[in-house]
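A.B. asks: Take a look at what Swiss-Prot says about it:
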- ARG49: O2 binding site (BINDING)
- HIS53, GLU59, HIS97: Fe cation 1 binding site (BINDING)
- GLU59, ARG101, GLU112: substrate binding site (BINDING)
- CYS127, CYS130, CYS165, CYS168: Fe cation 2 binding site (BINDING)
Amino acid sequence: MFDLKYGRPLNFKRWLDDHADKLKPPVGNQQIWQDSDMMVTVVGGPNERSDFHDDPIEELFYQFKGNAYLLLWEDGRYERVDLREGDMLLLPPHTLHSPQRPEADSRCLVVERKRPQGQNDAFQWSCASCGTIVQRHEVTLQSIVADLPPLYEKFYASSEDARRCPGCGEIHPGRDFQAWHRTLARHSS
């Protein structure tokens with residue numbers, strides 16, 4: 001029998017059942033294979049956030065249960081792209097996006113390559129009122145599950161002055177995603 005480095009076929013339904021507790025807040029996601037050149041991650045809802053991911057490579061989204069959406073950011077402008085159950089989206093490199101999963105028990109399969117040495121991801125927080133970048137941090141991303149929480153904590157722990165918008169002076173609400181989204185809704189309508 002051939003030695004398959006990543007094992008024999010995986011029963012995805014059984015894997016989902018076995019990891020159901022990891023696909024809910026506060027964890028919300030789980031990487032399937034740890035030592036592959038591909039990061040194959042299942043992300044569960046509910047999960048709302050106010051950061052935007054700048055991925056240097058393509059990112060594939062397959063929304064296989066429930067609905068979600070991506071909030072895109074470019075040059076201070078926002079756009080919403082809905083991901084309905086059954087939808088797939090291949091996102092081009094450097095498309096700043098903020099996945100929003102408001103539905104409980106929603107599930108999305110996210111597939112992306114591990115980054116080549118020296119190629120970093122970035123995460124930025126921008127002002128909901130005017131779209132100006134408030135903070136941006138680069139990271140060498142090896143594991144979505146392990147590498148992101150410290151980055152978020154760094155932003156959340158930053159002072160109000162460090163979260164003050166250089167464009168309009170509004171203070172980013174940090175962990176209060178709902179306040180950020182309410183402000184965005186007021187300024188987008």
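Cβ atoms here come from the backbone N, Cα and C positions, even for glycine.
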A.B. asks: How many neighbouring Cβ atoms, not counting its own, are there within 10 Å of the Cβ of CYS165 (Fe cation 2 binding site)?
C.D. replies: 19
A.B. asks: Around the Fe cation 2 site recorded as CYS127, CYS130, CYS165, CYS168, what other same-chain residues have a C-beta within 8 angstroms of the site's C-beta center?
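C.D. replies: Output for this site, in sequence order: SER126, ALA128, SER129, GLY131, THR132, VAL134, PRO166, GLY167, GLY169, GLU170.
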A.B. asks: Could you state the CA-to-CA distance between GLU112 (substrate binding site) and GLU59 (Fe cation 1 binding site) to the nearest Å?
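C.D. replies: Each residue's Cα considered, GLU112 (substrate binding site) and GLU59 (Fe cation 1 binding site) end up 5 Å apart.
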A.B. asks: So if I draw a 10 Å sphere around the Cβ of ARG49 (O2 binding site), how many other Cβ atoms end up inside it?
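C.D. replies: Summing over all protein chains shown, ARG49 (O2 binding site) has 19 other Cβ atoms within 10 Å.
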A.B. asks: Going by C-alpha distance, which of the binding-site residues GLU59, HIS97, ARG101 is nearest to CYS127 (Fe cation 2 binding site)?
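C.D. replies: Answer for the nearest of the binding-site residues: HIS97.
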A.B. asks: With a radius of 8 angstroms around the mean position of the C-beta atoms of HIS53, GLU59, HIS97, what other residues of the same chain does the Fe cation 1 site pick up?
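C.D. replies: Nearby residues not in the site list: PHE52, ASP54, ASP55, LEU70, LEU91, THR95, LEU96, SER98, PRO99.
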A.B. asks: For the residue listed as 'O2 binding site', name the DSSP secondary structure in the helix/strand/coil scheme.
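C.D. replies: Coil, per DSSP.
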A.B. asks: Reduce the DSSP letter at CYS165 (Fe cation 2 binding site) to three states and note it down.
C.D. replies: coil
A.B. asks: Can you tell me the CA-to-CA distance separating HIS97 (Fe cation 1 binding site) and CYS165 (Fe cation 2 binding site), as a whole number of Å?
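C.D. replies: Pair distance, Cα basis, whole Å: 19 Å.
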